Amino acid sequence: MAAASNGSEYFEFDVETGRESFARPSNAETVEQDEEDLRWAAIGRLPSQRQGTHNAILRRSQTQTQTSGYADGNVVQTIDVKKLDRADREMLVRQALATSDQDNFKLLSAIKERLDRVGMEVPKIEVRFENLNIEADVQAGTRALPTLVNVSRDFFERCLSSLRIIKPRKHKLNILKDISGIIKPGRMTLLLGPPGSGKSTLLLALAGKLDKSLKKTGNITYNGENLNKFHVKRTSAYISQTDNHIAELTVRETLDFAARCQGASEGFAGYMKDLTRLEKERGIRPSSEIDAFMKAASVKGEKHSVSTDYVLKVLGLDVCSDTMVGNDMMRGVSGGQRKRVTTGEMTVGPRKTLFMDEISTGLDSSTTFQIVKCIRNFVHLMDATVLMALLQPAPETFDLFDDLILLSEGYMVYQGPREDVIAFFESLGFRLPPRKGVADFLQEVTSKKDQAQYWADPSKPYQFIPVSDIAAAFRNSKYGHAADSKLAAPFDKKSADPSALCRTKFAISGWENLKVCFVRELLLIKRHKFLYTFRTCQVGFVGLVTATVFLKTRLHPTSEQFGNEYLSCLFFGLVHMMFNGFSELPLMISRLPVFYKQRDNSFHPAWSWSIASWLLRVPYSVLEAVVWSGVVYFTVGLAPSAGRFFRYMLLLFSVHQMALGLFRMMASLARDMVIANTFGSAAILIVFLLGGFVIPKADIKPWWVWGFWVSPLSYGQRAIAVNEFTATRWMTPSAISDTTIGLNLLKLRSFPTNDYWYWIGIAVLIGYAILFNNVVTLALAYLNPLRKARAVVLDDPNEETALVADANQVISEKKGMILPFKPLTMTFHNVNYYVDMPKEMRSQGVPETRLQLLSNVSGVFSPGVLTALVGSSGAGKTTLMDVLAGRKTGGYTEGDIRISGHPKEQQTFARISGYVEQNDIHSPQVTVEESLWFSASLRLPKEITKEQKKEFVEQVMRLVELDTLRYALVGLPGTTGLSTEQRKRLTIAVELVANPSIIFMDEPTSGLDARAAAIVMRTVRNTVDTGRTVVCTIHQPSIDIFEAFDELLLMKRGGQVIYGGKLGTHSQVLVDYFQGINGVPPISSGYNPATWMLEVTTPALEEKYNMEFADLYKKSDQFREVEANIKQLSVPPEGSEPISFTSRYSQNQLSQFLLCLWKQNLVYWRSPEYNLVRLVFTTIAAFILGTVFWDIGSKRTSSQDLITVMGALYSACLFLGVSNASSVQPIVSIERTVFYREKAAGMYAPIPYAAAQGLVEIPYILTQTILYGVITYFTIGFERTFSKFVLYLVFMFLTFTYFTFYGMMAVGLTPNQHLAAVISSAFYSLWNLLSGFLVQKPLIPVWWIWFYYICPVAWTLQGVILSQLGDVESMINEPLFHGTVKEFIEYYFGYKPNMIGVSAAVLVGFCALFFSAFALSVKYLNFQRR
């Protein structure tokens, strides 16, 4: 026996010994039994205390002996389940599942059988809801649009209504209306209903996660107990529709974290001891594979869990377990895989009550079937309680459920066994047509537009039956009575297992929680390595600049003037450390959505995350302080003593910690990028102004002195000054006073002179860091995310008329789509597409440099023919569409693509084609009608009149049934505005209004319920019938959707085609082709051909029958027919010309600019969180500056007064400017994703778009300038002459403009907002240092003076100071200077009197430069990776 490195032990049995010990006849069953005996013999040899944590597994060798069935040299190995490596965990799961398919039936059956043999029962939960009503208060009509005026009105109305002065004017919206029901353990319940029926609200209410603003009445119980009696958030899980994950973690890391936090081991750990004890007592020997799995799954506190491997396998995520999850801007797993990660994250734990909200979005029907089947096995065998809402369940998926709840318009229309639902509707007079899925029928039968087609009672004429009547009929039917009688019987609490409901808030201890969060944060810091390295290099770089500006050869401790320069250097170090923390803000806010989701599911307490991230910032602060001190301290020549050097370093560390705490606090309180940026700037403004450097304490107004004592920077400033100026080298007697230079300087600037102020400074700064981080923890614990989803009730005058759809309208719609267009054929032959081999795969030893995603794909798309592109997830459907449409931004494409026989030209192709993307990307602040009008105006030819365009937009809106939503705001996905399916229809409509000849649609029906999918497909079919060429990728086609297609291109993983050609009536051509292949099981009657086709072409089946579907297709008649077709259509018809246009875009540049400006104007007017907040902040900042520097402009008797005025202007420029630059970045960033879609669609050129984006800012900047200018000009007390006031406003306007354009430029030049924030902050530091305030122009060394001239803040200061004080002849009489104010300005600041015009011209130049850089970045840079 030898001990292995991972805590495993080997027992080598040679085969002969094995045969003697267990002599039996040789067949497969006895071999298995022999192996089992060997395993138990190995376990039996272990000491008894180790038998609970060890298990025996059989390591199978490659060769299997024919005679005995034993492996040559097979090794039975005992492993310690607490020390499993990844290979062991994967092997355990594989052996326990006992199948290569994605199925858990054998494993769960074996576990159930094991428990049944000793008479143990698993805890069960029954969920009941009785008389549940849920109401929301909503704004109606145009008041629901968030314009600047409406938001201001809402704010004042809220204030007045909270003071009981007025009554709130809102409309009540009933989301759920008096519904009752039971969800039983051990039975799978499906929740169906059209969009807006209240499915998500019901799921959230049952999971105890209902938004506090909704009014709930009625009762919800688990096992007869109310929700406040136990921890409902740990007992049940709500699996959300939106996929919120940390993009930089891999799938496995995401699930491992979830498993540890939820205590994945609790599931089995609770009864493993009792189970093994009972088995020993009764002499029962379980299967060793199941025993090994259960033991491993019940191990607590391990970093990696066997539950993760199990969930990865069951959800089919094992293929992408080491891929980053990714997000919209970062490449990661596919949309369908991300949706499964969301499911896996909640199911990896021990929760057995699951409320699953549309978990199949983006999955093909066979994957959905597999997953639902695995969940059904879990429900039936482990007595779990599951309520699952699905949008378009295929018939075979629908049949997996036991019970059904049908909601519509908030009413409960049916609840009971699934098989009785058709009988109930037949009793009302409706009938299910043949070849129609039950789920599709149920979603449409309650709808006003679709109900009539299902009427089947010849005895009476059809009359619309409203939902309320159907709900009443259900309550009075035998099915309703049956449901009521179940509810009437009270739950038997005695039979309930007390351990079924969780009584503690978290699954693991506080220490464990902290460890888990710490490990994850450390991993994320490694993933954000570039950001942190960049920030450290930036500190080094700015430090180097500072060191060379204040070089010690130029500075000597011989006079107060040099002392002032040293003080500027010290102050700048502090301010830089402070600003360096600002980039923590976007990082923190981007992490909040995931944090809130995990907090609300009781993964971990808020403090464990906030402390872990705080602790990991400590080494980072140490590094920053060491780098800065190392570069700056001795180069500048600060007090040469080791003690003072280390004290300097400690002080910088404390300031950095305080700053990180401050910005994290801002982020956790604001919870929104724009608001946080704005109020973050306001906080720094106060801290900075009252820090004791810009204004000495003696000059601070009495009403602001408290601010000086509260400002953390003032303590840092005093400590750093005391540390330097009490050193021995500053003890030379002063020439202008009777003390030493050092003490005189401290007194002049109102600093204390005692050494203990250094230690007070350190203590206060660290105290602030602790305080701020505690506030972060409290904010994370008690505040909820902003921007909750709100239903918006819109007043639509046409609502009633729109619902009456008559035959004439349908006919006119079909005609209405015919604006003139040219039918086109697209052929493509042997298309290949490669990308560079991903690093992860190269690191695993893959030798190739390129990865092939498409392999010799050929086909034809013809006019009037609807083609489906089908394949499992990852088959390359979207890739093929992107390549054909010319949407790929990277990779290598080969092959021949032709349009009506002519080679494809991308620029003209964008004009004649439309591309409906899978992600519905739209500007959030415009309405549905405005989105369509914008697209139509830009993309329809100039020749079409405005009236024709309007009529066309109307017809398209009716066609996709968006006419009742014309005034609805688009909003952000998953939070505000349109629902998923409404957004999808809008995406299609935006392309249809362009009147294209060829339309590509990527997943037009994913994320839609059956009725919405039918509406979309009806739209698509109508479009094709007008003679257009339409191609759709499709995931989950129901029979009717699939059979709406004419032709099919079927792909498999690796981007290979396995079928191309006609579908035939009832898909007969396709079925005949596959049934003609030897080994393919035939299709059963009434089964969905799309589902069957995906099931019979899986890799598992290819392996089983040893065949390659791609090769078989290449040898088939179908393939030869397609090739012949391509050959014939690749030659242009005689006399035909390739498509060409006189210009690249359908509108000229001026029209593009005006339309972009029109849209941007709407976006800005409806962005109160940006524009209203900016104006409010400007007003607050102006009042702060005005009251801090009250009347300082009229004092001109001393140099200190003039320096203070300069300080006021410098602070205002820097802070308001930086605030403008920071808060514009998220707006530009959101609009950029929309721009990428619109640019790819050929809507407009980049320059008109950029011009509109820049120009729309001007009126808001002007308003901001007037607000700021009027307040500060008169409070600071400058001369009240009109010309000086106008000049002041002009300089401020130009300053705010160049800062805003600089912020836009920073986003334009970088791939994401985080990097834009970090890079722009580097320049703020340099502008701060060399703007002429900290180091005046005459004192800037010759090697840096060039930077002074390219620093825009320097020109602002020069312009403003000269415009206000450049002509003042008042005298200054001081020991160091004697002359007029005008002369002092030239002597001290280096400003020449005739430079006002030049300064203004230079600032206009900076505005133009930054704007041009933004425009060029928009034109030439593309950070979208496709």
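From the backbone N, Cα and C atoms, a Cβ is placed for every residue, glycine too.
What Swiss-Prot records for 826-1078 is domain 'ABC transporter 2'.
Under the heading domain 'ABC transmembrane type-2 2', Swiss-Prot lists 1151-1365.
Taken from Swiss-Prot, the feature N-linked glycosylation site covers Asn6 (among others), and the record attributes it to sequence analysis.
Marked as N-linked glycosylation site by Swiss-Prot on the basis of sequence analysis: Asn150 (among others).
Here the Cβ of Asn219 (N-linked glycosylation site) has 13 other Cβ atoms within 10 Å, regardless of which shown protein chain they belong to. Annotated N-linked glycosylation site per Swiss-Prot: Asn219 (among others), in sequence order, evidence recorded as sequence analysis.
Summarising the annotation, Swiss-Prot assigns N-linked glycosylation site to Asn856 (among others) and lists sequence analysis as the type of evidence. Under 8 Å, Cβ to Cβ, and six or more positions away along its own chain, Asn856 (N-linked glycosylation site) finds Asn830, Val831, Asn832, Gln1056, Val1057. DSSP gives Asn856 (N-linked glycosylation site) a strand state.
According to Swiss-Prot, the feature transmembrane segment maps to 530-550 (among others). Listed by sequence, the residues of this chain that lie at least six past the ends of the transmembrane segment (530-550) yet keep a Cβ under 8 A from its Cβ atoms are 565-566, 568-569, 572-573, 576, 580, 583, 587, 620, 623-624, 627-628, 630-632, 635-636, 1314-1315, 1318, 1321-1322, 1325-1326, 1329-1330, 1335, 1340-1341, 1343-1344.
The annotation transmembrane segment is assigned in Swiss-Prot to 569-589 (among others).
The transmembrane segment feature in Swiss-Prot is assigned to 618-638 (among others); the stated evidence is sequence analysis.
Among residues of the same chain six or more beyond the transmembrane segment (649-669), those with a C-beta under 8 A of the stretch's C-beta atoms are 573-574, 577-582, 584-585, 588-589, 592, 610, 613-614, 617-618, 621-622, 624-626, 628-629, 633, 676, 679-680, 683, 687, 712-713, 716, 719-720, 723, 758, 761-762, 765-766, 768-773, 775-776, 779-780, 783. Per Swiss-Prot, the feature transmembrane segment maps to 649-669 (among others).
The feature transmembrane segment is assigned by Swiss-Prot to 760-780 (among others). Remote same-chain residues near the transmembrane segment (760-780) are listed as 595, 599, 606-607, 609-611, 614, 650-651, 654-655, 657-658, 660-662, 664-665, 668-669, 712, 715-716, 718-720, 722 (criterion: CB distance under 8 Å, separation of at least six residues from the stretch ends).
Counting same-chain residues at least six beyond the ends of the transmembrane segment (1172-1192), those with a Cβ under 8 angstroms from any Cβ of the stretch are 148, 151-152, 674-675, 678-679, 681-682, 685-686, 689-690, 695, 700-701, 703-704, 707, 1201, 1204-1205, 1208, 1211-1212, 1215-1216, 1219-1220, 1223, 1260, 1263-1264, 1267-1268, 1271-1272, 1274-1277. Among the features that Swiss-Prot reports, transmembrane segment is placed at 1172-1192 (among others), with the record citing sequence analysis.
For 1202-1222 (among others), the entry in Swiss-Prot reads transmembrane segment.
Annotated transmembrane segment per Swiss-Prot: 1258-1278 (among others), in sequence order. Away from its own ends, the transmembrane segment (1258-1278) comes close to residues 1164, 1171, 1174-1175, 1178-1179, 1181-1183, 1185-1187, 1189-1194, 1205, 1208, 1212, 1216, 1220, 1284-1285, 1288-1289, 1292-1293, 1296-1297, 1300, 1364 of its chain (Cβ-Cβ under 8 Å, at least six residues beyond either end).
As annotated by Swiss-Prot, transmembrane segment applies to 1285-1305 (among others).
Here Swiss-Prot flags 1315-1335 (among others) as transmembrane segment.
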Statement: Reduced DSSP state (H/G/I helix, E/B strand, rest coil) at Asn150 (N-linked glycosylation site) is helix
Task: Give the number of CB atoms, excluding that of Asn150 (N-linked glycosylation site) itself, located within 10 Å of its CB.
output: 16
Query: How many whole Å apart are the CA atoms of Asn219 (N-linked glycosylation site) and Asn150 (N-linked glycosylation site)?
result: 37
- prompt: Have the transmembrane segment (1202-1222) and the transmembrane segment (1285-1305) got at least three CB pairs under 8 Å, pairs 6 or more apart in sequence?
  reply: yes
Task: Can you tell me which of 569-589, 618-638, 1285-1305, 1315-1335 gets the most C-beta pairs within less than 8 Å of the transmembrane segment (1396-1416)?
output: 1285-1305
- prompt: Can you say which of 569-589, 618-638, 1285-1305 has the most Cβ pairs under 8 Å with the transmembrane segment (1315-1335)?
  reply: 569-589
Where Asn219 (N-linked glycosylation site) falls in three-state DSSP terms: strand
